[in-house]
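Record features, source TrEMBL:
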DOMAIN    8-136  domain 'EamA'
DOMAIN    151-285  domain 'EamA'
TRANSMEM  7-24  transmembrane segment
TRANSMEM  30-54  transmembrane segment
TRANSMEM  66-85  transmembrane segment
TRANSMEM  91-113  transmembrane segment
TRANSMEM  120-138  transmembrane segment
TRANSMEM  150-169  transmembrane segment
TRANSMEM  178-198  transmembrane segment
TRANSMEM  213-235  transmembrane segment
TRANSMEM  242-262  transmembrane segment
TRANSMEM  268-286  transmembrane segment
């Protein structure tokens with residue numbers, strides 16, 4: 001993948017996923033955390049059913065156990081953890097804590113997947129983390145005011161993301177990213193959909209809502225744009241670059257949060273711009289050494 005295209009795709013992903021935290025928060029106004037997660041995964045699986053049926057002979061079903069693990073690590077578990085955590089912490093804090101993903105991706109890659117890391121990648125990851133940390137400190141409220149237990153759920157979710165990212169890079173580099181996405185979501189989304197309908201009060205809760213279409217609209221957008229489309233693109237980026245570079249999308253999310261604030265009338269200073277520049281430099285270094 002050409003460098004300019006990799007950066008452009010990374011920017012689009014950061015915009016989409018940066019907005020996902022807000023959509024999760026809005027969805028929690030109508031449904032429980034488990035219902036949001038199950039609905040998100042089941043709607044995503046529904047989008048992939050035609051893909052699975054059409055490509056059933058092309059699918060490498062011998063990798064089914066790995067697809068299940070990938071679905072759990074990259075989708076199902078983080079969806080539950082983020083939805084649960086965002087009952088008590090802000091969308092901005094969730095996005096900021098998500099910045100730990102690249103660091104964990106590098107550590108897990110080295111320890112569990114024998115990934116060879118170049119010193120420029122290490123420098124890039126540390127610079128990106130430093131820039132994201134500075135943006136956190138410049139923010140209002142944030143992690144310091146968040147319940148520790150719920151913040152740790154986000155940290156656990158980033159560990160899941162990091163594991164899933166390394167699985168894609170090491171085990172699915174030769175497989176069509178569309179099929180990888182369809183297989184991983186299908187294996188976890190269908191059971192979660194069944195549980196949503198039979199194991200929770202989703203149907204009566206939905207029927208009792210004054211505006212059910214608005215509630216479903218939030219989760220559908222979260223599922224089909226923030227999950228399905230973004231995941232296909234993300235898997236492709238990892239396959240054509242590296243797990244570490246793909247994971248640096250998490251560093252760009254605090255920048256997106258700052259830019260949303262500017263559009264909402266908030267002011268930024270020189271230090272904000274400097275932190276953003278440090279993050280972008282870190283992302284650039286991780287790409288050049290990939």
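Even glycines carry a Cβ here, placed using N, Cα and C.
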Remote residues contacting the transmembrane segment (30-54) - C-beta distance under 8 A, at least 6 residues beyond either end: 24, 75-76, 79-80, 82-84, 86-87, 178-179, 181-183, 185-186, 188-190, 192-193, 195-196, 200, 202, 205, 209, 214-215, 218-220, 222-224, 227-228, 231
Positions on the same chain near the transmembrane segment (268-286), where near means CB under 8 A and six or more residues out: 7, 10, 102, 120-121, 123-132, 134-135, 138, 242, 244-245, 248, 251-252, 254-255, 258, 261-262
Any contact, the transmembrane segment (213-235) to the transmembrane segment (7-24), with at least 3 Cβ pairs under 8 A: yes
Secondary structure tally of the domain 'EamA' (151-285) (DSSP, helix then strand then coil): 116 helix, 0 strand, 19 coil
